[in-house]
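Step one of this worksheet: look at the structure below.
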Amino acid sequence: MEKSQRFVCLVVLHLVLVLLTSSVNAGHDYRAALSKSILFFEAQRSGYLPGNQRVRWRANSGLNDGKASGVDLVGGYYDAGDNVKFGLPMAFTVTMMSWSIIEYGKQLAINGELGHALRAVKWGTDYFIKAHPQPNVLYGEVGDGDTDHYCWQRPEDMTTDRRAYRLDPNHPGSDLAGETAAAMAAASIVFRRYDRAYSATLLRHAKELFNFADKYRGKYDSSITVARKYYQSVSGYSDELLWAAAWMHKATNNKFYLNYLGRNGHSLGGTGWAMTEFGWDVKYAGVQVLVSKLLMQGKAGRHLDVFQGYQKQAEFFMCSCLGKGYRNIQRTPGGLIFRQRWNNLQFVTSASFLLSVYSDYLTTSRKTLTCAYGKFAPSQLLNFAKSQVDYILGSNPRATSYMVGYGNNYPQQVHHRASSIPSIKVQPSFVTCRGGYAKWYTRKASNANILTGAIVGGPDAYDNFADERDNFEQTEPATYNNAPLLGVLARLSAGSRGYNLGLPEDGSAVTKPMPKRKPAPAPAKSSVITITQKVTLSWKAKGKTYFRYSTQVTNKSKKNLKNVKLSVSELYGPLWGLTKSGSSYILGNLPARKSVEVVYVHAAPPAYITVANYN
């Protein structure tokens, strides 16, 4: 081929890719994606399903788990498309769900998903309480991958070995015990505002697990060897010890854990490991981000130099993601972070979460990111995280959504036993171990049940994807793919100014009367639209009292209103629910007898909100 012809072909190919990408890049419904992503966890539940179970095609399963060992291990989550309960990825899943709520609980509440997120966390922590019957005993796995993978059965039909595997002083596992301690500590922060007794129980377990992990050191897969083939702890346990200490300090504010991070920062690798990945095995980047926040908050104390070492590595991770560092993360031609062939999207969602929270930490502390190739605004981190989420949701060269049930083009043959076989409620006949492979695994058709919200493994290094059930590297989902995405989707649903502006993590936020403004205008009313405002939350940060205002805009008439516009003045903080256009804010259509909630946060009396126009 002539050089000129090759050039024309490349130009045409580039234009096709641009057109494909732009055709699906008009904007994504992050609220809908958030709702679906939380729903996925209900499909992964083991044990007795509750009355409010929304994934109706699932039924009770694993009801004898732990019985042979004399312990009740009913409950918890299946990790992916199989029916094993692996402790390490389950604990990481709970930690990341909890971190999502801690950072973006307000946004989850605005979207009506906070309750579902809390229940998702509690399903995991209820199981961990059972799995930790003694201070120095932790059950880390139920079932084993070899016998489970030999069968293709619904969890309701399982005939595989459900043996329970445990850690104790003679069989240590600092990585698994440390991660479980982190999960319990993070969850204790989440529940402190809603159930103080349960929060205290979680924190007690977290303290015991941290002490167990630190005192009896060893890799968990040396004790639970059946896990080695599936969730080997390649990074060892040093990162989990630091990770657990960071969460223990966050949950207790006890200087013991702060000093632990300072004393062990060098020896356990917190200041030495410059990472380009974050996930269920490698926690260093997460630790470094948490410690960086302590540094930005001025809490480093005598450990200033060490904590600066943590932050240096945290920013190495951020710069690598942006492609502005000395050692950058590989990307596909379509712009997706690429780490490995098998389940690559787990690294994309976890990196996107760290990028989002670090962007908000920098914004709050009025700092920028310094990389090898310049300084970058916090917004650039958030924008890159958004680009990764948009890719997952369909803004990619294939125009494929890698979230099941989102968009018009998503995976149909997901590598997932329960999803691929008709529900036991529809076809109650028993599915045998090998019979499931013969009839359902090899079936070249869409799964019987839609695994709504599941994030599958995703495309390869060249944006290619094969929607085939036996292609487990690309079509198998996992709980730890979804867990970090809860926070990122909640953050993106709030728009460019959606951070919580210092919402306290210790549960000290309280509801206070609405502050008075003098002179205060009368509430905006008419025979058609009424506007009422109230304070739903208040808290103190950096000497200021912030108020969360809920504004109800109600159409009192029997007619639908179109093109409703509001005028807003004396507003000094972020506002959600309206789109600004010139000097007005567009509310859009308002059905008859319906209300719309508008939320804003600022450290002042209520803003002036009036009706500007409507049809």
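A Cβ is built for glycine as well, from the same backbone N, Cα and C atoms used for every other residue.
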Legend entry - Annotated stretch (region 'Disordered', per TrEMBL) among the listed ranges 262-283, 460-481, 504-525: 504-525
Inset, instruction - Within 10 Å of the Cβ of Glu476 (active site), how many other Cβ atoms can you find? Include all protein chains, please. - result: 21
Inset, instruction - Give the distance between the Cα atoms of His415 (active site) and Glu476 (active site), rounded to the nearest whole Å. - result: 5
Legend entry - Secondary structure content of the domain 'Carbohydrate binding' (529-603), with strand meaning DSSP E or B: 0 helix, 54 strand, 21 coil
Legend entry - Segment confidence, the domain 'Carbohydrate binding' (529-603), expressed as mean pLDDT: 80
Legend entry - Distance from Glu476 (active site) back to Asp467 (active site), taken between C-alpha atoms, in Å: 10
Legend entry - Around the Cβ of Asp467 (active site), the count of other Cβ atoms that are within 10 Å: 16
